[in-house]
Amino acid sequence: MPGIVVFRRRWSVGSDDLVLPAIFLFLLHTTWFVILSVVLFGLVYNPHEACSLNLVDHGRGYLGILLSCMIAEMAIIWLSMRGGILYTEPRDSMQYVLYVRLAILVIEFIYAIVGIVWLTQYYTSCNDLTAKNVTLGMVVCNWVVILSVCITVLCVFDPTGRTFVKLRATKRRQRNLRTYNLRHRLEEGQATSWSRRLKVFLCCTRTKDSQSDAYSEIAYLFAEFFRDLDIVPSDIIAGLVLLRQRQRAKRNAVLDEANNDILAFLSGMPVTRNTKYLDLKNSHEMLRYKEVCYYMLFALAAYGWPMYLMRKPTCGLCQLARSCSCCLCPARPRFAPGVTIEEDNCCGCNAIAIRRHFLDENMTAVDIVYTSCHDAVYETPFYVAVDHDKKKVVISIRGTLSPKDALTDLTGDAERLPVEGHRGTWLGHKGMVLSAEYIKKKLEQEMVLSQAFGRDLGRGTKHYGLIVVGHSLGAGTAAILSFLLRPQYPTLKCFAYSPPGGLLSEDAMEYSKEFVTAVVLGKDLVPRIGLSQLEGFRRQLLDVLQRSTKPKWRIIVGATKCIPKSELPEDQVEVTALASTRLWTHPSDLTIALSASTPLYPPGRIIHVVHNHPAEQCCCCEQEEPTYFAIWGDNKAFNEVIISPAMLHEHLPYVVMEGLNKVLENYNKGKTALLSAAKVMVSPTEVDLTPELIFQQQPLPTGPPLPTGLALELPATEHRNSSVRSKSQSEMSLEGFSEGRLLSPVAAASAARQDPVELLLLSTQERLAAELQSRRAPLATMESLSDTESLYSFDSRRSSGFRSIRGSPSLHAVLERDEGHLFYIDPAIPEENPSLSSRTELLAADSLSKHSQDTQPLEAALGSGGVTPERPPSAANDEEEAAGGSEGGGVAPRGELALHNGRLGDSPSPQVLEFAEFIDSLFNLDSKSSSFQDLYCMMVPESPTSDYTEGPKSPSQQEILLRAQFEPNLVPKPPRLFAGSAEPSSGISLSPSFPLSSSGELMDLTPTGLSSQECLATDKIRTSTPTGHGASPTKQDDLVISAR
């Protein structure tokens, strides 16, 4: 809330900040009230002892003071818990209660003095031990409370409080010259106050001219940032809590919408179909990423002994102590003669820590040439090393580690880069521009780079490349230093880890992409803050505070894990409804524009390491580790501060190092994005979730031939997609899905004796129940995607009712041929509308299985009636019975799909109807999809005289059928991107429901034994054809549905 006004002065504390202090004092005074009451009325005192009589009189008076304090503190607690952050009207009487409490405090002060007098007179002579101890406790407690109140008053004292009250009173009446003068005095007073605070914060440092200038610039920056804002520090804390809740609510609302391209949020960043992932399967991309991880070790070593001990708190101290000689053995050589160390401590701990860091990482080929530990404002420590393994000279700049570094960070005005020969104006962060100029000057004066490149001419150091690295402040300084050194070293490369957001202007940022690679981890705060970003953050903070109607204590307490979360203020709350109660600010104060600052952005090409957030487990269950992914970030996308408990933790250098390594670990474990998404997302499609289908090529087993319908023998006709699916197994791990396996002859024969549709229904129903039990919370996970992989169906736009169960059983479609090898396909969850998708697939399976069973025995019945070598006797007998029934003119039972003169009947089988109802009961929650009978009529011609191969006649039926293929739920959606629309470098290929070849073309998955008309009924049953298998044109393919 606005600062409370007491004694006609504004204080840096709000009336709703007094809840906890009042509760603490109330409990303390209640405890002493009980103790003193027991001592006074429960004990018998000697009437002849003067000390006892004085104690009784003093105690009774103090009981009255304690009772008054308890009443006043209860009133303070009650008033502080009323109203909202900016709704101060219910707390208007707080100042009068404080006047009463301060008057009681004065009386307490008098009684504390009396207690000291009593102790000096009677403490040694009084024989009543209880009286002496109680009096001593009361006096000590009183003085502790009094001193605490005095310290608190000094902390919340605002030097500009009187001017602020006058300015507010003047603005209420009119705007005139007096208002301008008061505002000017207020800004100057606030700048002076901030400067004094900075000097107190850096009281142990020696002040130089540059440091004094930094004090002034930062003080004016803070004064301007907080000008006209009548808020207190606790309001900022509550605002951060509310802002985090609002950001999370907005992300959930975006995911629930159906008319946007955002698929998920990873580390607060939106993931769309255009998101570019690092293609780690590409050798060049993998080499580049490993190079980024490698040089992070150099940036980490620049922090010296503090970071070394932080990473290795146990054995690190022993390692340093063994190498340090300190001042006891100055003659002991610790470094090579060619190593220059500047301003290290007496033990040389920083230089030793840098060397130990490389030794611990087995980087023995790294030689330290120069180490500067000099630390001042605009003068950042750095070191230069020669890496003989990589044939590079490395300049590593330290990040923020001292208060002086913080001053350099806070000097964030735009400064012109001292680089000539370019078009436009290149601007950079002032503090880091000055630091880069200092390092460049130091390198030239000490001829450090000449020493490095001439370190070992026999090993070719003269032709080594130059690398500049840094983290945080060092990252920004390294990027700007690269601008300064690039004219002399055109092949220079820079790696900036967690660089500041307000670093380079747009022109300079675009140019830096040629030689700078930046790394950002998760929700790191630093790459998202600059002057322009802070202005937006300021507006968001004020807006969320203005909309809040909850008490501050409830908001802050609700942010803890042990207390239920506070309610998020609704956006529909009319701000004007409380305008009369918010007289603390002028109407234009919330919309004032800060001084126009040039937008600055992070440098180079940004690798954004993001990760998912697994659902929190109970205390007895093991927490699932998050999965890390690397994507290419947009420099202009880091324009909003994402409030999170991890926003500071993910900026630490060793945490960044761990994040980079976890991307490689997840990739090596095969945790790819699409398959992880298949486990947790709510509406994946069949092909998009399995871009790399597993093909297991196994020889035919010795023994009886497999029955019809249990194995898939793909024809040898060469297709255009055969080159990408010829591997025995994909590089991707299909975790969460059972692998395709070859049935044994015995199991195959037993399965063949059952009705294929019944086998399908039983197996699929059991598999579906197990799959629904294993479903996890819907949270997007994704990793490295290549050009051939698709994320189209990775759709996070879901409603709350579909977050637990959406998907349908995997139907295993196989074809059988006579010769060749066997390939098994393990499909995944079908398309977005599970009820419709599975019923269409089931219908096609049922229709074609009956069709294949009834049409194939015709040749055998017309021939000799013998059993062909390719078919088992049982299958031949079934075919004979079917053929005989057909010849005899028998009528098929009602509910079966029988073949009459080459035409299908118009009603599905009972098994199909039963399973369709089961699917509807699970998935058809919204009742928007077509009914099963409608689908059946759409797949099977209504007229008994029409030929089966003709398909739908009217254009409307054709349109419905096509939309049933591509849009299963028949609901209009935004235009979809297909295979050719994604950029090759994006790492994601998009398709409606088809897999892609390595060239980005749609793969032809039509079985060669079926006609184009028959494929209309089998559009959901997709297979792919490897190279080298041909089809016999004279034989009819058998299509049987098999479920595992």
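Cβ from N, Cα, C; glycine included.
The feature topological domain 'Cytoplasmic' is assigned by Swiss-Prot to 1-22 (among others). The list of residues near the topological domain 'Cytoplasmic' (1-22) in space but at least 6 beyond its ends in sequence, with Cβ under 8 angstroms from a Cβ of it, reads 73-74, 76-77, 79-81, 83-86, 88, 91, 94-95, 98-99, 152, 155-158, 160-162, 164-165, 230-235, 551-553, 584-585.
Long-range contacts of the transmembrane segment (23-43) within the same chain: residues 56, 59-60, 62-63, 66-67, 69-70, 73-74, 77, 130-131, 134, 137-138, 141, 145, each at least 6 residues beyond the stretch ends and with a Cβ under 8 Å from a Cβ of the stretch. The transmembrane segment annotation in Swiss-Prot covers 23-43 (among others).
Within the chain, the topological domain 'Extracellular' (44-60) has long-range Cβ neighbours (under 8 A, six or more residues past its boundaries) at 36, 111, 114-115, 118, 121-122, 125-128, 131-132, 134-135. Per Swiss-Prot, topological domain 'Extracellular' is recorded for 44-60 (among others).
What Swiss-Prot records for 61-81 (among others) is transmembrane segment, and it gives sequence analysis as the kind of evidence.
Sequence annotations record features per position, and here Swiss-Prot assigns topological domain 'Cytoplasmic' to 82-101 (among others) based on sequence analysis. Long-range neighbours of the topological domain 'Cytoplasmic' (82-101) within the same chain, counting only residues 6 or more positions beyond its ends whose Cβ lies under 8 Å from a Cβ of the stretch, are 1-2, 4-6, 15-16, 18, 69, 72-73, 75-76, 235, 238, 545-546, 548-552, 555, 578, 581-582, 584.
Sequence-distant contacts of the transmembrane segment (102-122) (same chain, at least 6 residues past either end, Cβ-Cβ under 8 Å): 50-51, 54-55, 58, 61-62, 65, 68-69, 72, 132, 135-136, 138-139, 142-143, 145-146, 149. Feature annotation from Swiss-Prot assigns transmembrane segment to 102-122 (among others).
Positions annotated as topological domain 'Extracellular' by Swiss-Prot: 123-136 (among others). Residue counts for the topological domain 'Extracellular' (123-136) by DSSP state, with H, G and I taken as helix and E and B as strand, are 8 helix, 0 strand, 6 coil.
Swiss-Prot lists ASN133 with the feature N-linked glycosylation site. Its Cβ taken as reference, ASN133 (N-linked glycosylation site) is surrounded by 11 other Cβ atoms within 10 Å in the chains shown.
Among the features that Swiss-Prot reports, transmembrane segment is placed at 137-157 (among others).
Summed and averaged per residue, pLDDT over the topological domain 'Cytoplasmic' (158-1044) gives 65. The topological domain 'Cytoplasmic' annotation in Swiss-Prot covers 158-1044 (among others).
DSSP classifies SER472 (active site, charge relay system) as coil under the three-state reduction. Taken from Swiss-Prot, the feature active site, charge relay system covers SER472 (among others).
Within its own chain, ASP524 (active site, charge relay system) has SER498, MET647, GLU650, HIS651 as residues 6 or more apart in sequence whose C-beta sits under 8 angstroms from its own. Taken residue by residue with DSSP, ASP524 (active site, charge relay system) is part of neither helix nor strand, so it is coil. For ASP524 (among others), the entry in Swiss-Prot reads active site, charge relay system, with the evidence type sequence analysis.
Residues annotated as phosphoserine in Swiss-Prot: SER728 (among others).
Residues or ranges marked as phosphoserine by Swiss-Prot: SER730 (among others).
Annotation comment: Swiss-Prot describes SER733 (among others) as phosphoserine, evidence class a large-scale study or a structure entry.
Taken from Swiss-Prot, the feature phosphoserine covers SER744 (among others), and the record attributes it to a large-scale study or a structure entry.
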Looking only at Cβ atoms, how many others are within 10 Å of the one on SER472 (active site, charge relay system)?
28
Do me a favour and check the Cα-Cα span between ASN133 (N-linked glycosylation site) and SER472 (active site, charge relay system); whole Å is fine.
57
When you scan the chain for residues with a C-beta under 8 Å from the topological domain 'Extracellular' (123-136), skipping those not six or more beyond its ends, what do you find?
35-36, 39, 43, 45-46, 49, 51-52, 55, 58-59, 115
